[in-house]
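The Zn(2+) 1 binding site annotation in TrEMBL covers 7, 10, 29, 32. Among the features that TrEMBL reports, zinc finger is placed at 7-32. If you look up TrEMBL, you'll see 72-113 marked as domain 'TFIIS-type'. According to TrEMBL, the Zn(2+) 2 binding site annotation covers 76, 79, 103, 108.
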């Protein structure tokens, strides 16, 4: 993780700057002419961590989303309800898109994929 860098000459913040001729990342002071080569090419990294409950809630809410397509061509294996919402997404650890279904029965919410 990168940290804030400060100028050795005037103690102002150093900002990332690209040297296009040398194709390297520099940290440069906007106050004086000081600049230094970056040790790491990562300027900023934003890691979002979700709790398992957050992901589950998102999938349960899709059944009530009026913008998602619905089908009556499938039946829920758990409650035998005849309507489901479907959408495409990438499945974990798999390449390509997968078709996901969520049962529209508010008491069920069963999820499966095709």
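Using the three backbone atoms N, Cα and C, a Cβ is placed for every residue, glycine included.
No curator has checked TrEMBL annotations; they are predicted automatically.
Structure with TrEMBL features highlighted.
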{"residue": "7", "record": "Zn(2+) 1 binding site", "CB count, 10 Å": "20"}
{"residue": "10", "record": "Zn(2+) 1 binding site", "CB count, 10 Å": "11"}
{"residue": "29", "record": "Zn(2+) 1 binding site", "CB count, 10 Å": "21"}
{"residue": "32", "record": "Zn(2+) 1 binding site", "CB count, 10 Å": "12"}
{"residue": "76", "record": "Zn(2+) 2 binding site", "CB count, 10 Å": "20"}
{"residue": "79", "record": "Zn(2+) 2 binding site", "CB count, 10 Å": "13"}
{"residue": "103", "record": "Zn(2+) 2 binding site", "CB count, 10 Å": "25"}
{"residue": "108", "record": "Zn(2+) 2 binding site", "CB count, 10 Å": "17"}
Residues close to Zn(2+) 1 site centre defined by 7, 10, 29, 32, Cβ within 8 Å:
8, 9, 11, 12, 14, 30, 31, 33, 34
Alpha-carbon spacing, residue 32 (Zn(2+) 1 binding site) to residue 76 (Zn(2+) 2 binding site), which is rounded to whole Å:
67
Between residue 7 (Zn(2+) 1 binding site) and residue 103 (Zn(2+) 2 binding site), the C-alpha gap once rounded to whole angstrom:
58
Neighbourhood of the Zn(2+) 2 site (76, 79, 103, 108): other residues with Cβ within 8 Å of the Cβ centroid, in order?
77, 78, 80, 81, 84, 104, 105, 107, 109, 110
Rounded to the nearest Å - Cα separation of residue 108 (Zn(2+) 2 binding site) and residue 29 (Zn(2+) 1 binding site):
59
Using residue 10 (Zn(2+) 1 binding site) as the reference point, find which of the binding-site residues 76, 79, 103 has the shortest Cα-to-Cα distance to it.
103
For the domain 'TFIIS-type' (72-113), give the DSSP counts of helix residues, strand residues and coil residues.
0 helix, 15 strand, 27 coil
Give me the mean pLDDT over the zinc finger (7-32), rounded to a whole number.
93
